[in-house]
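Undergrad: One structure follows; several queries about it will come next.
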Amino acid sequence: MAVMPPRTLLLLLSGALALTQTWAGSHSMRYFFTSVSRPGRGEPRFIAVGYVDDTQFVRFDSDAASQRMEPRAPWIEQEGPEYWDEETRSAKAHSQTDRVDLGTLRGYYNQSEDGSHTIQIMYGCDVGSDGRFLRGYRQDAYDGKDYIALNEDLRSWTAADMAAQITKRKWEAAHAAEQRRAYLEGTCVEWLRRYLENGKETLQRTDPPKTHMTHHPISDHEATLRCWALGFYPAEITLTWQRDGEDQTQDTELVETRPAGDGTFQKWAAVVVPSGEEQRYTCHVQHEGLPKPLTLRWEPSSQPTIPIVGIIAGLVLLGAVITGAVVAAVMWRRKSSDRKGGSYTQAASSDSAQGSDVSLTACKV
(Lines of atoms letter the chains of each structure in order from A and count residues from 1; the text may use other names and numbers.)
(Lines give C-alpha, C1' and ligand atoms only; values in the text may rest on other atoms or scores of the structure.)
Protein backbone atom coordinates (compact mmCIF):
# COMPACT_ATOMS: atom_id res chain seq x y z
CA MET A 1 0.00 0.00 0.00
CA ALA A 2 1.33 3.43 -0.92
CA VAL A 3 2.37 5.73 1.91
CA MET A 4 0.38 8.97 1.94
CA PRO A 5 2.57 12.10 1.89
CA PRO A 6 2.46 14.04 5.21
CA ARG A 7 0.95 17.21 3.74
CA THR A 8 -1.89 15.35 1.99
CA LEU A 9 -2.60 13.42 5.19
CA LEU A 10 -2.68 16.68 7.18
CA LEU A 11 -5.13 18.19 4.69
CA LEU A 12 -7.44 15.16 4.89
CA LEU A 13 -7.30 15.14 8.70
CA SER A 14 -8.13 18.85 8.86
CA GLY A 15 -11.06 18.24 6.52
CA ALA A 16 -12.34 15.40 8.69
CA LEU A 17 -12.04 17.60 11.77
CA ALA A 18 -13.95 20.39 10.04
CA LEU A 19 -16.87 18.05 9.36
CA THR A 20 -17.32 17.64 13.14
CA GLN A 21 -17.74 21.41 13.52
CA THR A 22 -20.42 23.86 12.52
CA TRP A 23 -20.08 27.47 11.40
CA ALA A 24 -22.55 30.30 11.17
CA GLY A 25 -23.92 30.33 7.63
CA SER A 26 -22.15 29.31 4.44
CA HIS A 27 -18.57 30.12 3.46
CA SER A 28 -16.76 30.50 0.15
CA MET A 29 -13.32 30.40 -1.42
CA ARG A 30 -12.75 32.32 -4.65
CA TYR A 31 -9.81 32.94 -6.94
CA PHE A 32 -9.81 35.85 -9.41
CA PHE A 33 -7.36 35.99 -12.31
CA THR A 34 -6.86 39.03 -14.55
CA SER A 35 -4.53 39.17 -17.57
CA VAL A 36 -4.08 42.40 -19.52
CA SER A 37 -2.11 42.49 -22.78
CA ARG A 38 0.33 45.36 -23.34
CA PRO A 39 1.25 45.56 -27.03
CA GLY A 40 4.79 46.77 -27.50
CA ARG A 41 5.50 46.65 -23.76
CA GLY A 42 6.31 43.01 -23.17
CA GLU A 43 4.37 40.20 -21.53
CA PRO A 44 0.76 40.68 -20.37
CA ARG A 45 0.33 41.67 -16.76
CA PHE A 46 -1.17 38.88 -14.67
CA ILE A 47 -2.77 39.37 -11.26
CA ALA A 48 -4.25 36.59 -9.10
CA VAL A 49 -6.04 37.12 -5.81
CA GLY A 50 -7.63 34.56 -3.50
CA TYR A 51 -10.48 35.22 -1.08
CA VAL A 52 -12.04 33.24 1.73
CA ASP A 53 -15.43 34.84 2.23
CA ASP A 54 -14.67 38.56 2.10
CA THR A 55 -11.02 38.32 3.19
CA GLN A 56 -8.16 38.38 0.69
CA PHE A 57 -5.55 35.84 1.75
CA VAL A 58 -3.13 35.52 -1.21
CA ARG A 59 -2.01 37.68 -4.13
CA PHE A 60 0.30 37.30 -7.12
CA ASP A 61 1.34 40.13 -9.46
CA SER A 62 3.59 39.40 -12.42
CA ASP A 63 4.91 42.97 -12.21
CA ALA A 64 5.97 42.59 -8.56
CA ALA A 65 9.65 42.29 -7.73
CA SER A 66 9.19 39.03 -5.83
CA GLN A 67 7.48 37.08 -8.65
CA ARG A 68 5.91 35.02 -5.84
CA MET A 69 2.47 34.30 -4.48
CA GLU A 70 2.33 36.42 -1.33
CA PRO A 71 0.28 36.15 1.88
CA ARG A 72 -2.39 38.76 2.55
CA ALA A 73 -3.78 37.42 5.84
CA PRO A 74 -1.91 36.48 9.05
CA TRP A 75 -3.47 33.01 9.28
CA ILE A 76 -2.12 31.92 5.87
CA GLU A 77 1.46 32.74 6.85
CA GLN A 78 1.67 29.50 8.84
CA GLU A 79 1.73 27.50 5.59
CA GLY A 80 5.20 26.14 4.82
CA PRO A 81 7.62 26.81 1.94
CA GLU A 82 6.22 23.95 -0.17
CA TYR A 83 2.79 25.59 -0.16
CA TRP A 84 4.15 28.91 -1.40
CA ASP A 85 6.30 27.21 -4.04
CA GLU A 86 3.26 25.38 -5.40
CA GLU A 87 1.00 28.45 -5.31
CA THR A 88 3.67 30.43 -7.16
CA ARG A 89 4.15 27.69 -9.76
CA SER A 90 0.39 27.52 -10.30
CA ALA A 91 0.05 31.29 -10.73
CA LYS A 92 2.89 31.39 -13.26
CA ALA A 93 1.34 28.50 -15.19
CA HIS A 94 -1.97 30.35 -15.34
CA SER A 95 -0.24 33.50 -16.56
CA GLN A 96 1.34 31.60 -19.46
CA THR A 97 -1.97 29.98 -20.39
CA ASP A 98 -3.64 33.39 -20.40
CA ARG A 99 -0.83 34.82 -22.54
CA VAL A 100 -1.58 32.22 -25.23
CA ASP A 101 -5.34 32.64 -24.80
CA LEU A 102 -5.14 36.40 -25.34
CA GLY A 103 -3.67 35.78 -28.77
CA THR A 104 -6.20 33.05 -29.56
CA LEU A 105 -9.16 35.21 -28.57
CA ARG A 106 -7.84 38.14 -30.55
CA GLY A 107 -7.96 35.84 -33.57
CA TYR A 108 -11.46 34.59 -32.78
CA TYR A 109 -12.73 38.17 -32.72
CA ASN A 110 -10.61 39.31 -35.69
CA GLN A 111 -8.90 42.02 -33.63
CA SER A 112 -5.65 43.76 -34.47
CA GLU A 113 -2.47 43.37 -32.43
CA ASP A 114 -2.44 47.06 -31.51
CA GLY A 115 -5.08 47.18 -28.78
CA SER A 116 -4.96 46.00 -25.18
CA HIS A 117 -7.27 43.15 -24.20
CA THR A 118 -8.28 41.50 -20.93
CA ILE A 119 -9.09 37.99 -19.74
CA GLN A 120 -10.81 37.56 -16.37
CA ILE A 121 -11.49 34.26 -14.61
CA MET A 122 -13.31 33.52 -11.37
CA TYR A 123 -13.60 30.09 -9.79
CA GLY A 124 -14.31 28.66 -6.37
CA CYS A 125 -16.62 26.74 -4.09
CA ASP A 126 -19.09 27.23 -1.23
CA VAL A 127 -19.63 25.05 1.83
CA GLY A 128 -22.60 25.04 4.21
CA SER A 129 -22.58 25.48 7.97
CA ASP A 130 -21.75 21.76 8.27
CA GLY A 131 -18.66 22.12 6.07
CA ARG A 132 -20.11 20.14 3.17
CA PHE A 133 -20.03 21.18 -0.48
CA LEU A 134 -22.86 23.47 -1.61
CA ARG A 135 -21.90 24.72 -5.06
CA GLY A 136 -19.00 25.45 -7.38
CA TYR A 137 -18.26 28.19 -9.90
CA ARG A 138 -16.16 28.89 -12.97
CA GLN A 139 -16.72 32.01 -15.09
CA ASP A 140 -14.57 33.50 -17.86
CA ALA A 141 -14.81 36.96 -19.40
CA TYR A 142 -13.04 38.65 -22.31
CA ASP A 143 -12.73 42.43 -22.53
CA GLY A 144 -15.20 42.82 -19.67
CA LYS A 145 -17.95 40.69 -21.22
CA ASP A 146 -19.08 37.19 -20.31
CA TYR A 147 -17.38 34.55 -22.45
CA ILE A 148 -18.02 31.05 -21.06
CA ALA A 149 -19.23 29.65 -17.73
CA LEU A 150 -19.53 26.26 -16.07
CA ASN A 151 -23.19 25.55 -15.41
CA GLU A 152 -24.64 24.87 -11.97
CA ASP A 153 -24.58 21.12 -12.58
CA LEU A 154 -20.78 21.33 -13.04
CA ARG A 155 -21.16 19.05 -16.06
CA SER A 156 -21.77 21.44 -18.95
CA TRP A 157 -20.84 24.88 -20.26
CA THR A 158 -22.73 27.98 -21.38
CA ALA A 159 -21.05 29.93 -24.20
CA ALA A 160 -21.91 33.62 -24.55
CA ASP A 161 -21.30 33.97 -28.31
CA MET A 162 -20.05 32.19 -31.43
CA ALA A 163 -16.39 32.54 -30.46
CA ALA A 164 -17.08 30.97 -27.08
CA GLN A 165 -18.78 28.08 -28.86
CA ILE A 166 -15.37 27.15 -30.27
CA THR A 167 -13.94 27.01 -26.75
CA LYS A 168 -16.96 25.06 -25.53
CA ARG A 169 -16.44 22.36 -28.15
CA LYS A 170 -12.73 22.11 -27.29
CA TRP A 171 -13.44 21.77 -23.58
CA GLU A 172 -16.19 19.24 -24.12
CA ALA A 173 -13.80 17.09 -26.17
CA ALA A 174 -11.20 17.36 -23.39
CA HIS A 175 -13.74 16.49 -20.65
CA ALA A 176 -12.77 19.73 -18.92
CA ALA A 177 -16.01 19.97 -16.92
CA GLU A 178 -15.33 16.65 -15.19
CA GLN A 179 -11.88 17.83 -14.17
CA ARG A 180 -13.22 21.12 -12.84
CA ARG A 181 -16.00 19.37 -10.94
CA ALA A 182 -13.50 17.02 -9.27
CA TYR A 183 -11.49 20.00 -8.04
CA LEU A 184 -14.50 22.01 -6.89
CA GLU A 185 -16.13 19.16 -4.97
CA GLY A 186 -12.84 17.85 -3.58
CA THR A 187 -9.66 19.88 -3.20
CA CYS A 188 -11.43 23.25 -3.10
CA VAL A 189 -13.70 22.16 -0.25
CA GLU A 190 -10.86 20.53 1.71
CA TRP A 191 -8.72 23.66 1.57
CA LEU A 192 -11.62 25.94 2.41
CA ARG A 193 -12.31 23.88 5.56
CA ARG A 194 -8.63 24.09 6.48
CA TYR A 195 -8.54 27.85 6.00
CA LEU A 196 -11.73 28.35 8.02
CA GLU A 197 -10.20 26.44 10.91
CA ASN A 198 -6.78 28.12 10.75
CA GLY A 199 -8.27 31.59 10.36
CA LYS A 200 -11.35 31.14 12.53
CA GLU A 201 -10.65 34.15 14.75
CA THR A 202 -10.89 36.37 11.68
CA LEU A 203 -13.06 34.46 9.22
CA GLN A 204 -15.74 33.33 11.65
CA ARG A 205 -16.14 36.60 13.52
CA THR A 206 -19.18 38.87 13.25
CA ASP A 207 -18.81 42.64 13.62
CA PRO A 208 -22.22 44.35 13.83
CA PRO A 209 -22.75 47.51 11.77
CA LYS A 210 -22.59 50.97 13.29
CA THR A 211 -25.60 52.80 11.89
CA HIS A 212 -26.81 56.37 11.54
CA MET A 213 -28.88 58.51 9.21
CA THR A 214 -28.08 61.74 7.39
CA HIS A 215 -30.37 64.38 5.91
CA HIS A 216 -29.51 66.27 2.70
CA PRO A 217 -31.91 69.00 1.47
CA ILE A 218 -32.38 69.03 -2.31
CA SER A 219 -34.81 71.94 -2.56
CA ASP A 220 -37.53 73.61 -0.52
CA HIS A 221 -39.76 70.64 -1.32
CA GLU A 222 -37.51 67.56 -1.18
CA ALA A 223 -34.65 66.05 0.80
CA THR A 224 -32.52 62.91 0.65
CA LEU A 225 -32.43 60.59 3.64
CA ARG A 226 -29.35 58.36 3.65
CA CYS A 227 -29.08 55.32 5.92
CA TRP A 228 -25.50 54.32 6.74
CA ALA A 229 -24.05 51.00 7.94
CA LEU A 230 -20.32 51.07 8.80
CA GLY A 231 -17.67 48.77 10.22
CA PHE A 232 -19.45 45.46 9.72
CA TYR A 233 -18.24 41.93 8.87
CA PRO A 234 -19.03 39.72 7.03
CA ALA A 235 -20.01 41.77 3.98
CA GLU A 236 -23.54 40.44 3.54
CA ILE A 237 -26.07 43.00 4.81
CA THR A 238 -29.57 44.19 3.97
CA LEU A 239 -30.67 47.85 4.04
CA THR A 240 -34.29 48.60 3.18
CA TRP A 241 -36.46 51.71 3.33
CA GLN A 242 -40.15 51.76 4.25
CA ARG A 243 -42.76 54.50 4.05
CA ASP A 244 -45.59 54.01 6.54
CA GLY A 245 -44.54 50.36 6.74
CA GLU A 246 -44.48 49.75 2.96
CA ASP A 247 -41.24 48.83 1.19
CA GLN A 248 -39.73 51.53 -1.04
CA THR A 249 -37.48 49.22 -3.05
CA GLN A 250 -38.21 50.89 -6.39
CA ASP A 251 -37.39 54.35 -5.04
CA THR A 252 -34.25 53.38 -3.11
CA GLU A 253 -30.75 54.30 -4.26
CA LEU A 254 -28.48 51.52 -3.03
CA VAL A 255 -24.70 51.36 -3.37
CA GLU A 256 -22.74 48.13 -3.48
CA THR A 257 -21.08 47.04 -0.26
CA ARG A 258 -17.60 48.59 -0.10
CA PRO A 259 -14.45 47.56 1.80
CA ALA A 260 -13.47 50.08 4.45
CA GLY A 261 -9.77 49.25 4.26
CA ASP A 262 -9.59 47.84 7.79
CA GLY A 263 -11.15 44.43 7.18
CA THR A 264 -14.72 45.68 7.59
CA PHE A 265 -17.33 46.99 5.15
CA GLN A 266 -19.57 50.00 4.47
CA LYS A 267 -22.89 50.49 2.73
CA TRP A 268 -25.66 53.07 2.43
CA ALA A 269 -29.18 53.29 1.05
CA ALA A 270 -31.01 56.54 0.26
CA VAL A 271 -34.49 57.76 -0.60
CA VAL A 272 -35.78 61.15 -1.74
CA VAL A 273 -38.66 62.29 0.47
CA PRO A 274 -41.03 65.29 0.54
CA SER A 275 -39.85 67.91 3.01
CA GLY A 276 -41.76 67.59 6.25
CA GLU A 277 -42.59 63.90 5.74
CA GLU A 278 -39.28 62.49 6.96
CA GLN A 279 -40.91 60.89 10.01
CA ARG A 280 -42.95 58.59 7.77
CA TYR A 281 -39.79 56.85 6.53
CA THR A 282 -37.82 54.15 8.35
CA CYS A 283 -34.59 52.33 7.46
CA HIS A 284 -34.30 48.65 8.37
CA VAL A 285 -30.89 46.98 8.81
CA GLN A 286 -30.31 43.22 8.92
CA HIS A 287 -26.90 41.67 9.56
CA GLU A 288 -25.51 38.46 11.03
CA GLY A 289 -23.84 40.43 13.84
CA LEU A 290 -27.11 41.97 15.06
CA PRO A 291 -29.26 40.07 17.59
CA LYS A 292 -32.31 41.49 15.79
CA PRO A 293 -32.90 43.87 12.86
CA LEU A 294 -32.45 47.59 13.56
CA THR A 295 -34.98 50.26 12.66
CA LEU A 296 -33.80 53.86 12.17
CA ARG A 297 -35.90 56.98 11.82
CA TRP A 298 -34.65 60.50 11.08
CA GLU A 299 -34.65 62.81 14.06
CA PRO A 300 -34.00 66.50 13.30
CA SER A 301 -31.51 66.69 16.16
CA SER A 302 -29.61 63.52 15.16
CA GLN A 303 -26.04 63.89 13.92
CA PRO A 304 -23.77 61.39 12.14
CA THR A 305 -21.58 59.51 14.60
CA ILE A 306 -18.80 59.36 11.98
CA PRO A 307 -18.02 62.38 9.77
CA ILE A 308 -19.03 61.81 6.17
CA VAL A 309 -15.83 63.54 5.03
CA GLY A 310 -13.84 60.85 6.82
CA ILE A 311 -15.76 58.09 5.09
CA ILE A 312 -15.23 59.63 1.66
CA ALA A 313 -11.54 60.21 2.35
CA GLY A 314 -11.17 56.59 3.40
CA LEU A 315 -12.81 55.37 0.21
CA VAL A 316 -10.59 57.63 -1.92
CA LEU A 317 -7.47 56.33 -0.17
CA LEU A 318 -8.64 52.74 -0.65
CA GLY A 319 -9.23 53.34 -4.33
CA ALA A 320 -5.73 54.73 -4.75
CA VAL A 321 -4.09 51.50 -3.59
CA ILE A 322 -6.21 49.00 -5.50
CA THR A 323 -4.89 47.91 -8.87
CA GLY A 324 -7.20 48.84 -11.71
CA ALA A 325 -7.20 45.32 -13.11
CA VAL A 326 -8.30 43.86 -9.77
CA VAL A 327 -11.07 46.44 -9.49
CA ALA A 328 -12.29 45.38 -12.93
CA ALA A 329 -12.26 41.74 -11.84
CA VAL A 330 -14.31 42.46 -8.73
CA MET A 331 -16.77 44.59 -10.69
CA TRP A 332 -17.20 41.75 -13.17
CA ARG A 333 -17.59 39.32 -10.26
CA ARG A 334 -20.46 41.38 -8.85
CA LYS A 335 -22.07 41.73 -12.25
CA SER A 336 -21.94 37.96 -12.67
CA SER A 337 -22.78 36.98 -9.08
CA ASP A 338 -26.22 35.62 -9.91
CA ARG A 339 -24.82 32.98 -12.26
CA LYS A 340 -22.92 29.82 -11.46
CA GLY A 341 -19.33 29.20 -12.62
CA GLY A 342 -16.36 26.97 -11.81
CA SER A 343 -12.67 26.16 -11.72
CA TYR A 344 -9.32 26.04 -13.51
CA THR A 345 -7.81 23.42 -11.20
CA GLN A 346 -7.73 19.79 -10.09
CA ALA A 347 -8.83 17.27 -7.47
CA ALA A 348 -6.64 16.21 -4.56
CA SER A 349 -3.73 13.97 -5.49
CA SER A 350 -0.72 12.54 -3.72
CA ASP A 351 1.37 15.65 -4.38
CA SER A 352 2.65 16.58 -0.94
CA ALA A 353 3.30 20.19 -2.00
CA GLN A 354 -0.19 20.76 -3.39
CA GLY A 355 -1.84 24.13 -2.80
CA SER A 356 -5.46 25.23 -2.84
CA ASP A 357 -5.31 26.52 -6.41
CA VAL A 358 -3.13 23.77 -7.97
CA SER A 359 -3.61 24.04 -11.73
CA LEU A 360 -4.60 21.45 -14.28
CA THR A 361 -2.86 20.82 -17.52
CA ALA A 362 -4.57 23.89 -18.89
CA CYS A 363 -7.35 23.63 -21.45
CA LYS A 364 -6.70 26.55 -23.74
CA VAL A 365 -9.52 28.51 -25.39
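Indices start at 1 and increase along the chain as displayed.
Yeah, the Cβs are placed from backbone N, Cα and C, and that goes for glycine too.
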Undergrad: Among Cys125, Cys283, which cysteine is annotated in Swiss-Prot as forming a disulphide with Cys188?
TA: Cys125
Undergrad: Measure from the CA atom of Ser356 (phosphoserine) to the CA atom of Cys188 (disulfide bond) and give the result in Å, rounded to a whole number.
TA: 6
Undergrad: Can you tell me the three-state DSSP label for Cys188 (disulfide bond)?
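TA: Where Cys188 (disulfide bond) sits, the three-state DSSP reduction gives helix.
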Undergrad: If you count other C-beta atoms within 10 angstroms, which of the recorded positions Asn110, Ser356 is the most crowded?
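TA: Going through Asn110, Ser356 one by one, the largest Cβ count within 10 Å is at Ser356.
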Undergrad: Of Cys188, Cys283, the disulfide-bonded residues given in the record, which has the fewest other CB atoms within 10 A of its CB?
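TA: Across Cys188, Cys283, these disulfide-bonded residues, the one with fewest Cβ atoms within 10 Å is Cys283.
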Undergrad: Which one is closest to Cys125 (disulfide bond) in space, judged by CA to CA distance, out of the recorded positions Asn110, Cys227, Cys283, Ser356?
TA: Ser356
Undergrad: Among the recorded positions listed here (Asn110, Cys227, Cys283), which has the Cα closest to the Cα of Ser356 (phosphoserine)?
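TA: For Ser356 (phosphoserine), the closest Cα among Asn110, Cys227, Cys283 is found at Asn110.
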